[in-house]
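*Asks:* For reference, the structure I am asking about is given below.
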Amino acid sequence: MTAPADTDLWPAPRPNAPVERTISLPGSKSLTNRALVLAALADGPSVVRRPLRSRDTTLMARALASMGVGVEDSGDDWRITPGPLDGDAQVDCGLAGTVMRFLPPVAGLSTGRVSFDGDPHMRNRPVGEVLVALTALGVQVDDGGRGALPFTVVGRGSVPGGTVVIDASASSQFISALLLAGARFEHGVDVRHDGKPVPSLPHIDMTVAMLRRHGVEVDDSGANRWAVAPGPIAAVDHVIEPDLSNAAPFLALAATSGGSVTIRDWPRETTQAGDALREILAQMGCEVAFTDEGLRARGTGRLHGIDVDLHDVGELTPAVAALCALADSPSHLRGVAHIRAHETDRLAALAAELGGLGADVTEHPDGLAFRPAPLHGGVFRTYADHRMAHAGAIVGSAVDGVKVEDIATTSKTFPDFAGFWSALVVP
Ligand SMILES: O=C(O)C1=C[C@@H](OP(=O)(O)O)[C@@H](O)[C@H](O)C1
Ligand SMILES: C=C(OP(=O)(O)O)C(=O)O
C-alpha cells in the first residue's frame with residue numbers, strides 16, 4: 001500500500017484541558033433519508049425540517065429530483081413535492097447504502113430507465129437481494145447478472161408487489177428498502193427473511209414507525225416478517241432529530257478528556273439505534289445523564305473495557321472500538337460480521353489501524369477483542385469510511401501524534417467534521 005501524501009494527513013488535536021461543552025449536532029442520516037423517500041412517494045407536498053445536509057442526504061435529494069420529485073431548499077428545510085416519476089435518470093449512490101438500497105424500489109414505480117452507480121467501493125457493497133426481490137415483485141432490473149452496481153431499473157409506472165422471501169443477513173436496509181415503497185405497490189409487500197439473524201433491527205423498527213406516521217398499515221407482529229398493506233402514503237412534515245450515532249465521537253471526547261459533553265435535543269424517546277450509546281458509555285465508566293440542556297456524558301478519569309454484542313448497533317463499532325483500545329481492561333465486541341460489508345471491511349480496518357498505533361487487538365470473524373496496551377502516534381488510515389475517521393479522531397484526542405488520513409471523508413454524514421471537532425477540542 002502506498003503511503004498517503006502528507007497533505008491528506010490531519011493531525012488530530014489533543015485537548016490541553018478537560019473538554020466542557022454543550023453542542024448541537026447535525027440531523028440523523030437515517031431519519032433524513034427515510035423522510036425524503038416517504039415525502040417523495042406521499043400524496044401531497046411536505047417539509048423535512050432540520051434535515052442532515054451531508055453527502056449521503058444530498059445524493060438522496062438529488063436522485064429523487066432527477067426522477068421527477070420537486071426538491072426545494074427553503075432556509076434550513078427541504079420542501080418536497082411529489083411529481084410524476086417519469087423520464088430516464090442516473091443515480092449516483094456515492095457510498096450511501098441508503099441511496100443504493102432504498103431507491104431501486106422507488107425507481108420501479110417510475111416510467112423511465114433509472115441507472116445506478118456509485119463510488120468504486122460501492123460496487124462491492126451488497127444489494128443483490130434487493131434486486132432479486134424486485135424482480136420477483138414484477139420489476140425489470142438489468143444488472144448483467146452481477147447482483148451489484150452498476151444496474152438499471154426499467155420502471156413501468158407500477159409494481160405488482162406481493163410476497164417475497166429474502167436473506168437480509170447482510171443488511172437491514174434490504175428490508176427497509178422494500179417496506180418504504182411497498183404501500184405504493186398494487187398488492188403491497190409481504191417481506192419474509194430467511195437466513196442468519198438480520199442485523200440492525202432498530203433500523204427496521206425506525207422504518208416501520210415512520211411508515212405508520214404516514215398512515216401506512218404495517219404488520220410486524222411475527223418474527224422475520226413485515227407486511228405493508230397497499231394504499232396511499234400520507235404527506236407528513238418531519239423534524240429531524242440530531243444524529244445519535246454521529247454523537248459517538250463527541251461523547252467519547254468527554255471520556256478521553258475527563259470532561260463533560262452535553263448534546264442538545266437528545267430525544268427522550270427515539271427510534272435511533274445510536275441511543276444505545278448511553279448504556280455503552282455508562283458501562284465503560286462514564287456518567288451519563290439527561291439534563292435540562294440535553295444528554296450529558298462526563299468522563300470520570302477511568303475508561304473500562306466492555307464485552308458487548310453490537311449486532312443491533314453495528315454502526316457504533318468504530319467509535320466503541322477506539323474507546324476499547326484506550327481502556328484499562330479487556331474488551332470483546334461481538335456480533336458484527338456484517339460490518340465487513342459497510343463502507344469498508346470495518347473489522348479488518350479497525351484491527352489494522354488501531355493495531356498500527358500499538359493497540360493489542362485481535363480480529364475475530366464477527367468482532368474484535370482488545371487487551372490494554374500503551375498506544376503511540378502514527379498514521380491512521382480511513383479507507384473512505386467516515387466512522388473510521390471518527391475512530392482516528394477519538395484515539396488522537398488521547399494520544400500524541402495521531403494523523404488521520406482523509407478526514408474529509410467524514411462529509412458522508414457530517415458537514416465540516418474537522419472544523420467542528422477542532423473548535424471543540426482546542427477552542
Ligand atoms: O437503514 C439505515 O438507515 C441504516 C441501517 C444500518 O445498516 P446495516 O443493516 O447494513 O448495518 C446502519 O448500519 C446504517 O448506518 C444505516
Ligand atoms: C453503514 C453505514 O452507512 P450506509 O448507510 O452507507 O450503509 C454507516 O453510516 O455506518
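Keep in mind that glycine also has a Cβ here, set from the backbone N, Cα and C atoms.
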*Asks:* If TrEMBL says LYS29, GLY97, GLN173, ARG346, ARG387, LYS412 bind phosphoenolpyruvate, which of ARG62, ARG125, ARG212, ARG213 does it name for the same site?
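*Replies:* Candidate listed by TrEMBL for the same site: ARG125.
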*Asks:* For GLU315 (active site, proton acceptor), which of the listed binding-site residues (ARG34, GLY97, ARG125, SER172, GLN173, LYS412) have their CA atom within 10 A of its CA?
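*Replies:* Of everything listed, nothing lies within 10 Å of GLU315 (active site, proton acceptor) (Cα to Cα).
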*Asks:* List the binding-site residues among LYS29, GLN173, LYS412 whose C-alpha is within 10 Å of the C-alpha of HIS342 (3-phosphoshikimate binding site), in sequence order, or say none.
*Replies:* none
*Asks:* At the Cα level, what's the spacing in Å between ARG387 (phosphoenolpyruvate binding site) and SER200 (3-phosphoshikimate binding site), rounded?
*Replies:* 16
*Asks:* Mind computing the max CA-CA distance among LYS29, GLY97, ARG125, GLN173, ARG346, ARG387, LYS412, which the record assigns to phosphoenolpyruvate binding, rounded to whole Å?
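*Replies:* Binding-site diameter by Cα atoms for phosphoenolpyruvate: 19 Å.
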*Asks:* Out of ARG125, ARG387, which of the binding-site residues is least crowded by other Cβ atoms within 10 Å?
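*Replies:* Taking ARG125, ARG387 as the binding-site residues, the minimal 10 Å Cβ count falls on ARG125.
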*Asks:* Is any of ARG34, SER172, GLN173 (binding-site residues) within Cβ reach of ligand 1, i.e. under 6 A, and which?
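*Replies:* The ones that qualify, in sequence order, are SER172, GLN173.
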